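Have a look at the structure below before the remarks.
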Amino acid sequence: MTVLFIALFLILQCSFTASIYHPLDPLSPTEINKVRLIVQKSHLATLPNLTFHYVDIEEPEKADVLKWLSSSSSNPKRRIPAPPRLAHLVVRGGGDTHELVVDLGTDIIISDHIYTGNGYPPFTFNELLNASKLPLTYPKFKKSISTRGLNLSEVSCLPFTIGWYGEHITRRALKVVCFYRGGSVNVFTRPIEGITMFVDVDLMKITMYTDRFIAPLPKAEGTDFHTPKGKSNSDSCNKTKGGFSIEGHKVKWANWVFHVGFNARAGVVISTASVFDARKKKYRSVLYRGHVSETFVPYMDPTNEWYFRTFMDVDGFMAWADGEVQKVPRAICIFERYSGDVAMRHTEINVPGKLVRYGQQEKSLVVRMVATVGNYDYVLDWEFKQSGTIKVGGGLDRCLGGEGHVHTPNNAQIMEEVHGTLVSENTRRR
């Protein structure tokens, strides 16, 4: 299962061992498989087209977690029982969306709520993949490609969520747009403009098709990107042992101790972060739970082919549409960073007969996830500083995305209203 609204790939650097228990640990592969079997043996098994759209832990109450942590730290031998281990699921079958809570201790579905509010569950990877293939066998699209003099085998299509603009939506739907490779691996720089398709996901068929105009394709030259042969940019973090330790999902570094989890919606989740107070000789709570809620990338183009395009969410072990475990290897990278800044420096000359100098370089610990969403790559960092502060940062890189247009640098006297910067012949930057 994937919980993203578009195809999402994670660039992941290292992994955890799950030997030490914590109430906020993400579901293990064994637990995900157990959840799948519980659902498949329940009353839901008779529903047609039963699919798993979201599987995660049902988080225990904060007070119960803190009480458990307090008992385990004060006297591990008298640790109170951990809160019940529950799973939260969103499944779809027979046209209905079910929100479930499963007790992993008793193997029972303790809650089954049919959702009737606004919106629909996230699309599964299979739904996105199948929707992207529909245009290649659709007669009207094949005719449009032929009219443009293009080769159908060089076409790649991508599904986008349709957004909500005030209309009454009664169907799970996607809009599909297509790109022309034609010698470049950077499909985003060569969109086939003018064509938009509306896909009913439950029916898995194109229900609306428009071909409004033909625009020149941006050139393929200069758009390719790849690592030169014989060289590799891939490099795992922590080739040498850093100054931190990982036990299960608990990380200890300098004066910090915190829990790192992985959520299929939010990505990295930091929990129960505490910093050691040297004066009071005990840990002080800084953060109970934190994650980046979403990323939102609008293209700010009101034209029919672009207005709906947005990239949302940053998506370890997850589950496929059939509930099977899907491993996302090396999902999180943890490393020490030397920024070059000064944590503390002083020169003292007022001590008779002595010249005292002291300096300390600032060092921090970074928990990183990189998500590739469309033509964008998002770097999401949680940075822990020895001063007791946490800095959350985001970085952005991308390959060039383009919009085909009639204008060139030689006729750049553009009179009509356009959106995007002309960067080369027939190409506006996106």
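Every residue gets a Cβ built from N, Cα and C, even glycine.
Automatic prediction, not curation, is the source of TrEMBL annotations.
Keep in mind that this is a model prediction, so the values were computed, not measured.
As written in TrEMBL, here are the features:
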- 1-19: signal peptide (SIGNAL)
- 22-113: domain 'Copper amine oxidase N2-terminal' (DOMAIN)
- 121-214: domain 'Copper amine oxidase N3-terminal' (DOMAIN)
- ASP313: active site, proton acceptor (ACT_SITE)
- 315-403: domain 'Copper amine oxidase catalytic' (DOMAIN)
- TYR376: active site, schiff-base intermediate with substrate (ACT_SITE)
- TYR376: 2',4',5'-topaquinone (MOD_RES)
All chains considered, the count of other Cβ atoms within 10 Å of the Cβ of TYR376 (active site, schiff-base intermediate with substrate) is 16
Through the lens of DSSP with three states only, how would you label TYR376 (active site, schiff-base intermediate with substrate)?
strand
Across the domain 'Copper amine oxidase N2-terminal' (22-113), what does the mean pLDDT come to, as a whole number?
92
Could you give me three numbers for the domain 'Copper amine oxidase catalytic' (315-403), the DSSP helix, strand and coil residue counts?
0 helix, 62 strand, 27 coil
For the domain 'Copper amine oxidase N3-terminal' (121-214), residues assigned helix / strand / coil by DSSP
28 helix, 29 strand, 37 coil
Within the domain 'Copper amine oxidase N2-terminal' (22-113), how many residues are helix, strand or coil going by DSSP?
32 helix, 29 strand, 31 coil
